[in-house]
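Undergrad: This is the structure I have questions about; it appears just below.
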Amino acid sequence: MVVARRADGDGPDLSRIAAAASSDAGGVDPELLGGFLPAVVAATAAGRRLRRRELEACATSGRRAAVRGVALRALVDLYLSAAWRLWRDAPQVAAGDADRVRDAALAVLRAADDGVAALVEGFQLARADVIRLQESVKHDVLEALLAGGQQAIEATGPAADIGLTLTGPVAVLVARRPAGFGGPDTAAAPGRLERALQGRHGDAQPLVLIRSGELVCVFAAPDASAVHAVRDIVVRELDGQTRAGGAPRSWRGAVSSPRIGAAAVRTSHDEARYALGLADRLGLEQPVADARDLTIYRVLLQDLPAVHDLVRSTLTPLTRARGGAAHLVETLDAYYATGCVATETAARLNLSVRAVTYRLARVAELTGRDPSEPAERLTLHAAVTAARLLDWPATPLES
């Protein structure tokens, strides 16, 4: 180790200084000081600045630290602690002459400044390379998982290398916004979300990326509480980045059912995206919909001809109303969402209770079905739900 010797027989004990600086910095390996201490001793003795090769050695130490995952703050602490300890033990300081003490202090400070600047530059350049490599690996893993089949199975090893364990239950969350993710305002979303999720009870690390403008999060889902925790963190983080000044929420998400195995990630991703589309059409209030809660709607859409017939036979009479059917369908939707309470329906629609009761009466008159009657409620509610899924009346029904 370069620092494990004195600069000369009468100079400061560089090994002791390095060990003490390492302790100050939380145990960072003193080997990362490289030749910094001998270089500072030489520069101080000669009254010069660090030479190019000495600065390059500092940059090399910075690159080594970045690759080893050492925190930059701790690395800088190591160097600064070593510098002030070296100055304290310098022969010029021990001599007690004020001018020599001042000159030694200036020389050490200048050498520390130049050395740490080179150290940080080397660290940041190497860290950028590491991050680019990690991001490339993450994208490759995600694309392989979403390809399914053998490619997904072969991605199990690389996924484990980046902390994603696929041997247990895994779920996929997809979030979408009109402006897309990945712009200047949301480019940092994956990293921030990944860091927020990494503290979950020591679970496997998540995989968070932006893909085709959508934010995709693959995470360990051993139980319902884990899914709920991820959902809550996603809401908190994305709201924090996209709702400046209390603006309305501009994004929506959906989470899949948990499944085991790499080959199941593609199915979970497709399920989450399908659930997200349903949540959009249904106008659900919760920011992250659970695909399991939308199963009934998926079943409903499996027989599209029957769904079209239900809407046609039940709701098309509403098109005879003044202004068309849209406002009456909206009223029915709110009425059933509030448990058939007219006052709450009025509040939700910003209408008077009288206006709501009038609209419900018009529905009964035009369709021959009273929305408040239990016997008619199931048919009307199912028809209204189907209309929302089909975006009717804005989109014509199939003939």
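The backbone N, Cα and C atoms fix where each Cβ goes, glycine too.
All annotation found in TrEMBL is predicted automatically rather than curated by experts.
Model, not experiment: these values are computed from the prediction.
Pulled these features from TrEMBL for this protein:
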type	residues	note
DOMAIN	37-136	domain 'RsbT co-antagonist protein RsbRD N-terminal'
DOMAIN	159-276	domain 'CdaR GGDEF-like'
DOMAIN	328-385	domain 'PucR C-terminal helix-turn-helix'
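Could you place these features in context, so I can see how deep they sit and what lies close by?
TA: If you average pLDDT over the domain 'RsbT co-antagonist protein RsbRD N-terminal' (37-136) in this model, you get 86.
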Undergrad: Within the domain 'PucR C-terminal helix-turn-helix' (328-385), count helix residues (DSSP H, G, I), strand residues (E, B) and coil residues, in that order.
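TA: Residue counts in helix, strand and coil order: 45 helix, 0 strand, 13 coil.
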Undergrad: So how many of the residues in the domain 'CdaR GGDEF-like' (159-276) end up helix, strand or coil by DSSP?
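TA: Tallied per class, the domain 'CdaR GGDEF-like' (159-276) gives 47 helix, 26 strand, 45 coil.
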